[in-house]
Amino acid sequence: MLLKTFYTQQWLDDETFKKLLTFSRFLGRDKNGSQFVIDIERARRNKVKLDDILSILSELGIELSETDLREMAKYLPEYDVEFELKDGKLIIKPHVFILDIIKDYKDKGILKYDKQSKVYVTDPYYYYQIKNRLEENGLKIKDLGLDVKELNINFKGELRDYQKEAVDTWLQRGSGVIALPTGAGKTVIGIKIITEVRKSTLIVTFTKDQMLQWRDAILKFTDANRSDIGLYYSEEKNIRPITITTYHTAYRHIDELSGKFELLIIDEAHHLPADRFKEIALKCIASKRLGLSATPVREDGKHEELFKLMGGLIYFKTPQELIQKGYLAPFELIQIRVNLTSKEKLKYATLLSQFRKVAGGKKVSELIQLVKEGNSNAIEAMKIYNEMKKIVNLAENKLKALDDIIQKENGNKILIFTQYVDQAEEIAKKYNAYLITGKTNKNEREKILRIFKTLKSGILVLTTVGDEGLDIPDANVGIIVTGTGSRRQFIQRLGRLLRPSNGKVARLYEIVTRGTAEEYQASKRKDITFGLDIYSSSEEDLV
């Protein structure tokens, strides 16, 4: 865009001439002197500011009218780049040429250029990265003017040596994932980090129960007032210097939450890479990020996305390391193998044959994707597959083996895990055990946990609701009647037993059906290390 034409009769040395060419074009000489025209696009490309143009012209005795100044200010504003948030996206409005600075972001598909609006569009996650890059290159930035509150609270607890190491490692980096076994005090680490950052914090939990546990732990381990903590959930949506929400609520309301926090804490962070939930991290601007998980490695490989969004895996300890130091109870893993009955074997074999025929050699992961696309063959194959799993999980001899284990462990505190509510109810009724499923209301659940905690012996039956998010009292025996095959679930269940107690050795029994995919998965778990190589046998192993 060409604007004001100007003349100068002064002799121009090379340096001055080159400066003029950074924001104007030389049109030639005539009787009035050297003629130039101001070129806005050239000025932008060379990152020349309006003040610089006026200074150079002033040295040559050239004054611009108020009209010219207003027109130039419109196209060459005070800032080189402006940021704004719009519809959950970060808008980058350049007034100078910046592609040379951010080309790598554009090449990777992180930045999109809107030709009509002449702006770059990306996720708010990249705000600080791009802002810092532009400032390092000398550009003047109009930032988002974020409303981040100060947080003046102090830590009242005591950290174990590995917790101190984890906190120090995180503080050196300002972001990252900390992986520690269940029962190792990840929440306390998060609270200590909140008191060190001393800025407004958003905590995202997987369940409502975890949300309440975080609130209670913050009140216990800091001098924070209850008014410092806001729960953002259901009808109660209070934003405070410390705001606690759930994955589902954060996903739905992230545009409201995005720019208000300096620190983002993601609990049970292995859930974050799910297609919907990763939007929480992508749309949140927080410059400091902490992920907490007992099992950060995902079976689908998406943990790499988790590490990218949260700052990489920066600290971890295995259960074995903490057991050696006495922080967790030692444990035994005991696999009990049972046979299918003749009737179950026949039905399983028939279904397996049907599955292989309908699946056409495709892996289960491929079938699941095809189901999402509405493929009828894949839908039929997965129906058969689920029937096969049900035969294995509900095998008659599993309940006989369960009976033997319960008799053997009589007098201990036992947790029984199953995938099926009907099976859980049947087991609880048979052994006069306590029962918690997804159908158990909050008050009843709290009552059961409170009672079970006081018992020296007893049985508590749990469905998958017990895998994460429940503060389950100490027990020393666990029995997996049915599971998903996931190592993550296996580790979560083992973790329920590892809280230390005098002379306690935790035992986790797994009842496995011979001659099925369940047996293959169980054999792979024998070599479990609990470190970063916690990859489960995937769904591919089931057929």
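Every residue gets a Cβ built from N, Cα and C, even glycine.
Within the listed segments 185-193, 275-283, 311-319, 320-328, Swiss-Prot records region 'Flexible hinge region' for the stretch 320-328. Within the set 27-30, 63-66, 267-270, the record from Swiss-Prot flags 267-270 under the feature motif 'DEAH box'. According to its DSSP assignment, K186 (ATP binding site) is helical. The Cβ of A184 (ATP binding site) lies under 8 Å from the Cβ of Y162, A294, K317, L322, Y327, L328, each of which sits 6+ residues away along the same chain.
Within the same chain, residues at least 6 positions away in sequence whose Cβ sits under 8 Å from that of G183 (ATP binding site) are L328, G495, R496, L498, R499. Per DSSP, the region 'DRD domain' (77-146) is made up of 22 helix, 21 strand, 27 coil.
Helix, strand and coil counts under DSSP for the motif 'DEAH box' (267-270) come to 2 helix, 0 strand, 2 coil. The Cβ neighbour count for P181 (ATP binding site), using a 10 Å radius over every protein chain in view, is 25. Other than L180, P181, T182, G183, A184, G185, K186, T187, the residues of this chain whose Cβ falls within 8 Å of the Cβ centroid of the ATP site are, in sequence order, A294, G495.
Within 10 Å of the C-beta atom of T187 (ATP binding site) sit 20 other C-beta atoms, taking all shown protein chains into account.
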